[in-house]
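Taken straight from TrEMBL:
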ACT_SITE  His96  active site, electrophile
ACT_SITE  Glu168  active site, proton acceptor
BINDING   Asn11, Trp12, Lys13, Gly174, Ser213, Gly234, Gly235  substrate binding site
Amino acid sequence: MKQKKRFVAGNWKMNGSLSQNRDLLNALIETVKDADSDVVVFPPAIYIQQVATILDGMNIKVGVQNISFEAKGAFTGEISLSMVKDFGCDYILIGHSERRTLYGETDADVAKKMKVVVAAGLTPVICVGETLEERESGKTEDVIKAQLTSVIDEIGIEAFKNAVIAYEPVWAIGTGKTATPEEADQVHEFIHCTLKAYDDKISDLVRVVYGGSVNASNVDSLFAKENIDGALVGGASLEAEGFTKIALA
Ligand code: 13P
């Protein structure tokens, strides 16, 4: 398979402040300006305007961690796709395991969100991954397949044409416990096979990135694997030196 442009993103989750964001971004603007990868940050929604302003014209893009699939109206606390588009967001994170487990987001919600993102011409970064219990009972592939096919069956494989898929094993998120490069590579290959059953070309286009305790020390061994096209980084993206190393790896 042809080597794809790497995708490296920092999911800040519910972290940051006006001054921390400014310091982090000012450092990153300098250090990653020659990165060959697509570099994206996902700040909390309230900071998108600040982040988009600082990054205007830079090679680091802005994404949002979640959106509503509704267009507008009485949905207290939600933000719509047209709102994030207004602020120049290019990427939308969909179905992060924290959204699924803590906020009850279902596969059907994920499909609806993916549909509106694709219709708006933005790039969905859709997250899939198994829990420890599912892995230990040998259900990893079944879970990943169900998460993907529930979306494909609802809105079609075409929706994945411009998508990034993040494989984030739930047990590796924020735990310091990374999937081994072999374990991750195996699941990434399985994700490609699952898409291939629907459409060869789309499977080849999609970048599958790994997330779960990626840091400056383990990134090289992960990126050495054929099927790992980048990383979705949580904790290590909050600190310029570590995130730079990952973005430049
Ligand atoms: P950590 O890198 O902190 O494990 O988080 C991964 C993640 O959930 C990124 O979306």
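Each residue, glycine too, has its Cβ placed from N, Cα and C.
Automatic prediction, not curation, is the source of TrEMBL annotations.
Feature annotations (TrEMBL) mapped to structure.
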| residue | record | DSSP class |
| --- | --- | --- |
| Asn11 | substrate binding site | strand |
| His96 | active site, electrophile | coil |
| Glu168 | active site, proton acceptor | coil |
| Gly174 | substrate binding site | coil |
| Ser213 | substrate binding site | coil |
| Gly234 | substrate binding site | coil |
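Taking Cβ-Cβ distances under 8 Å and a sequence separation of 6 or more, the neighbours of Gly235 (substrate binding site) in its chain are Gly174, Ser213, Asn215. Within 10 Å of the Cβ of Trp12 (substrate binding site) there are 22 other Cβ atoms, across all protein chains. Annotation for His96 (active site, electrophile): spatial neighbours Asn11, Gln65, Asn66, Cys127, Glu168, criterion Cβ-Cβ under 8 Å with sequence separation of six or more. Residues Asn11, Trp12, Lys13, Gly174, Ser213, Gly234, Gly235 are the ones the record ties to substrate, and the longest Cα gap between any two of them is 14 Å.
Checked against ligand 1, the binding-site residues Trp12, Gly174, Gly234 give Gly174, Gly234 as the ones with a Cβ under 6 Å from it, listed in sequence order. Looking only at other Cβ atoms within 10 Å, the busiest spot among the binding-site residues Asn11, Ser213 turns out to be Asn11.
Taking all protein chains in view, 27 other C-beta atoms sit within 10 angstroms of the C-beta of the residue listed as 'active site, proton acceptor'. Looking only at other Cβ atoms within 10 Å, the busiest spot among the binding-site residues Gly174, Gly234 turns out to be Gly234. There are 18 other Cβ atoms within 10 Å of the Cβ belonging to Lys13 (substrate binding site).
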